[in-house]
């Protein structure tokens, strides 16, 4: 439709052709498009076929009543203005016409200026209503399309309107006009408080992220209440914007979940708790006992605590207490003076002194003897000690971290470990889960090790086949992270392509009870000699052994470790595959 006032399509409805001709001559010069109809039925046909902006109709249409046409038009499109033209005006007809919603009423004979004035005013009024309806429809579409919950209330907290999102987020079931308190059960108190504050201050007020219960679920909602005003700035109530940030908060939590922490790798919930604990531990000068199975990363935990704390610029000294005699461990920890024992040809600094102002990490603490437990308890209590062979007491400022893969509480009950030393060490207990209890971290660890080996061995493997991930996710990993690292290193060494495949993995994984059985028939499994079965695997395994030997410079012990097989087994493979031992 054109934007000028003297434009639009006008339908002339009159049963007499001369009257229609006269009206056309009056209107057409002003730029209107004119269409004609001689009856109610023909007028309805015209209106159904094309858009019409104004209808000028006589009330007497032969034996038909023009009021019937008006009723039909208002049912068909109430926005079309109707102007009545009649030579027999009367009060009753005018009253009925006004009830039906006509725009104006003209008596015949029609004066041209009056007709043009009424037509122009009717069309302008229609354009304004059309624009208002268009804006209302757009606002309604926006109102309903917004994913945030929007609803309005009047000054008495009566619900005026709510969009679909508000109904879903806030569990509203009522209709506009009902009291807000009757609808927002569950968080009405805080909502009402917010609205009352807004209504009193006439300013926008906010309620930050707050958890609200909805049935069996909790939702994290952020709510804003703003004043609702008309064009004259009269206060009508408030509009509430309710944003459900539950999913966003979950995403933020996932994004904030750390996959690495000072050399430790893992995004599982258990690792997040450990990272948080280590951060807390780093800030205080207290002793900690790190427990966990072999290969779970106890040494990495000690490094993380040290490097994340105030002693990071001071030394971190490590001692493995396993397998050392009392005399040797005593000398290692406390040092000795020249002549203290046979072979002590000069003074030696002990690990406690080396770690002065830093951190001392005592690994496998559960293996030390009762005598060494006593000496260790004294230095933990007083920070004092004597070197072996001297009487001078020395002082040190050392933070002690200890680790064990044993159940020290059980050893205390058995009388094998001092209870006072146990509780002195276990001010804070850091318990590392085995890898089988945090399987979601296995793919992250695999990718981490692959990146390390790519850098160390100057290769560019791009990743793993999906079957490798599946196999590693189901393997129990009794050796934990250390075993996984060696398995990835083994596969890295023997891999000939860009992707590590299942057959690149160590045999211990492929032959695990958790994995599918080898593709041998029952007869083959009972009758095939061991060498025959192994020979059937010869091409791939022989290549792996040759590659491992080449990588290790011919060092058989290291090759056996990379291949995850004993040295005796490796020698037997040499003979089987005809390799020069």
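From the backbone N, Cα and C atoms, a Cβ is placed for every residue, glycine too.
Range with TrEMBL annotation region 'Disordered', chosen from 491-515, 516-540, is 516-540.
Per-residue confidence over the domain 'Sigma-54 factor interaction' (264-493) averages 92 (mean pLDDT, predicted model). For the recorded site, residue 58 (4-aspartylphosphate), the DSSP three-state label reads strand.
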